[in-house]
Structure formats: structure tokens, C-alpha cells
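Asks: Can you read through this structure? Questions will come right after.
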Amino acid sequence: MKGVIFCLVVLLWRQAWVSSKSHKCDFTKEKYLLSGEKEVSCEIDANPSDDITFICPNKIDSLCFHTVNISKNINQNKSTMSIQDLLYGSVVYGNTLFISPYVRTNTPFYCFCNLDTVTIQKFLKINRFLKDDDELSEADVMKHLKGGNVSEAQADEYLNKALNRFKKMKDLSKFFNDQADNTTKLNLPKSLNIPNDILNYDVYNSSNNRNDIVVKDEVTNKQIISKRGIMSVFVRSNNNVIKGCDFGNNNKNYFSHPISVAGKVNNKVCKIQGKPGELVGFKCAFEENGKVEPPNCFDQVLHKNKVTDLKTLIPGYASYTNKHSSKYPYYLKIPHFVNEQYTIQCKCKSNNSQNEYTFELDIQPGESEVVLNSFKTS
């Protein structure tokens, strides 16, 4: 019975997110660090509503993703552009970009990563410190499982290691995505317990960062050379207008309900109906000092005029927001099962304290089309 339940969960999980995909370019990986090429590339072919994570020890030029390079030639003048100008409706949070659900034209852009010899040595040490020496490779695990000679204790051990590894990856991803703003240097969480001599390796050895010094990796004996990492992204277009409200911009028409905040009206309400499985959202008027209430919408929302944790109403939702800036849109992926109808709100507060714009979402009960189609027989 457990096996049937597990398979059903996996099936639903895979089909639930079939419309979006996560991409990552991680230039701290050994294949990039130990490459003998002066340029190393990571190419991403993305669609609207996908997310992209850019992990780089030392970013060059634009910090990605608040601004990105629109030319592969880093020396070209005026080659950077704000992500809101290039892909309106996208959200940047930490080292991750959630691509706008509506992209009008095919859009390429680039991010660059500086990998000098000292930085490379530092991250090789970090990678090797974090690697669990007694951890079996995925191939070894599958070999044991297929052989049928795995005891229950060994199976539990494999499962625990997999869960621990997943937790470590999840915690690290959360740390990267919760960063207040992208910076040139890559920060690492204290929870990894990386020794200070490794964390500060680049500080202690900065004088050795010279092209005339031959450096070899202490483990593989491969020569280490300085190089540039290039993340090349190609985002494909679509024709899906975003279901939601855009306060303060009635010209772009990226959202289904573009609303101008011009004039003397101090309070406007934009009402949207959302069904299970749908992605909905809103964007406040662009103001550097504007704010949203509750501050961590959609994790918290206004329900019956009270601040409420959304997970108590519709567990299983997903939100895409920048916790440190209200200039980006706020998106909510409604879960595929909703028990009952709920009406929730988030408010955009203007610099002028008298101005308030309300996003009101009427969440309908039931099951999503993905779930319903999963149980249909051909």
C-alpha cells in the first residue's frame, strides 16, 4: 500500500509542475573549476514561469539578475539592462530569477563569472569539505538495489543519506534565495560549518593570484588556470497574459487587469478569481520606498481582515516573491487541491500613506485540471 501511495504522489508531483522547470548554472562545480579552457559555458533554454539560479564565486559587470548583459561581449558599451525592462513581470530573489509568465519575444541574455586561480582553489576545498566521504554514488546505490542484496538496515541508511543530502541542498538553496541583494562575492551559510581557514583562503592567498605562477590542484594534479564563466540564457516567448493585477501601469498589458493609479482616487481594489493549479499575481506601482501589507505576502495574507498564514488555508501553495523589495511582482501558485472557498488580500502602500491599492483573490474550491486529467482513462 505504501508503494502505491508513493507512486501516486510522485506521479502527481511530476505532472503538477510539468509547465515549469528549474535551471541552474553553478560555477563552483569541479567541472568548471578544473577546466583547461579560458572560457567555460553554461547554456540554458528556458520558458516563461521557469526559474534560473546563478551561482558564481565572483560576478562580473552586472550582478545578475537585477540587471543582465544583453551582449556576450562584456566590453561592449551599454550592454546591460534592467530585468524589468527586458523581461517585464519577472521576479528576482537572491541568486534566482523567476521568469515572467508572459514573454512577448524570444529573449537572450548573459551573466559572467570571474574564476581566478585563488578563488578556484578555495571552492575546490569547500566542495571537498562538504562532500561526505562515505556517501555512495547514485550509480553504486542503484547497482546494490537492482542486485536485490540490500538489507532493510542498508536501505534505511541510503534513504537517510539521501534525505540529509536533500535537506542540505534545500537549506543552501533557501540561503541563496533569501539574500537581501545580489553582491559580487558569493556568501555561504554558517550552518555548513566550513572552517575559517577555507572560507578565508582567498584573503590569505590573494598575493598568489598572478598569471606567472603555475598552480596545480592538490588532489587531481591538474593545472589550475584563471577563466571566465559565461551563462547564456535563451527565454522563449508565449502568448499567455498573466492572470492578475498591475497597479500603476496600464500600458504594458502584461497582466490581465492593468490598472492606472493616476488621479485622486486614494483606494482601488482589483478582484481576481483563482482556480486550483493556477498561477496568479500582482505588481505594485514602482516606488523605491513603497511597501506591501502583509510584508511577506503571500506567505501571509489578509483573510477576514486578519493577518493569516496562507498555509493554514491552502497548504501546498508556492509563492514567488522578493522579500526585500516591493518593486517586483508577487506570484502565487494555487495548490491542486482546495477544500473550500477563500477570499484573501494583499495591499500595495504608496509613498503617500493615504494611497492604498488592494489585490483581492477569490480562491475557488475543487481540483485542478492536472489532477482531474491524471485520473482519466485513455
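For all residues, glycine too, the Cβ spot is worked out from N, Cα and C.
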Asks: Quick one: which of CYS111, CYS113, CYS245, CYS270 does Swiss-Prot link to CYS56 by a disulfide?
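Replies: In Swiss-Prot, CYS56 forms its disulfide bond with CYS113.
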Asks: In Swiss-Prot, CYS346 is listed as disulfide-bonded to which of the following: CYS297, CYS348?
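Replies: Candidates were CYS297, CYS348; Swiss-Prot matches CYS346 with CYS297.
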Asks: Pick from CYS245, CYS348: which one does Swiss-Prot say forms the disulfide with CYS270?
Replies: CYS245
Asks: Could you identify, going by Swiss-Prot, the member of CYS7, CYS111, CYS284 that forms a disulphide bond with CYS64?
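Replies: Between CYS64 and one of CYS7, CYS111, CYS284, Swiss-Prot records a disulfide, namely with CYS111.
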Asks: According to Swiss-Prot, one residue in ASN69, ASN149 is annotated as N-linked glycosylation site; name it.
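Replies: Going through ASN69, ASN149 one by one, Swiss-Prot flags ASN149 as N-linked glycosylation site.
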Asks: By a simple count, how many Cβ atoms lie within 10 Å of the Cβ of CYS245 (disulfide bond), its own Cβ left out?
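Replies: Here the count is 27.
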Asks: Measure from the Cβ of ASN205 (N-linked glycosylation site) and count the other Cβ atoms within 10 Å, all protein chains considered.
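Replies: Around ASN205 (N-linked glycosylation site), other Cβ atoms within 10 Å: 15.
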Asks: Nearest of the recorded positions to CYS113 (disulfide bond) by CA-CA distance, picking from CYS25, ASN205, CYS346, CYS348?
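Replies: Given the candidates CYS25, ASN205, CYS346, CYS348, the nearest one is CYS25.
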Asks: Could you list the residues of the same chain, at least six apart in sequence, whose Cβ is under 8 A from the Cβ of CYS297 (disulfide bond)?
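Replies: Set apart from CYS297 (disulfide bond) by at least 6 residues yet with Cβ under 8 Å, we have THR321, TYR330, CYS346.
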Asks: Name the one residue among CYS25, CYS64, ASN205, CYS348, ASN351 whose Cα is closest in three-dimensional space to that of CYS270 (disulfide bond); these are the recorded positions.
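Replies: Nearest listed residue in space: CYS348.
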Asks: Going by a 10 angstroms cut-off between Cβ atoms, which of the disulfide-bonded residues CYS25, CYS64, CYS113, CYS270 has the sparsest surroundings?
Replies: CYS270
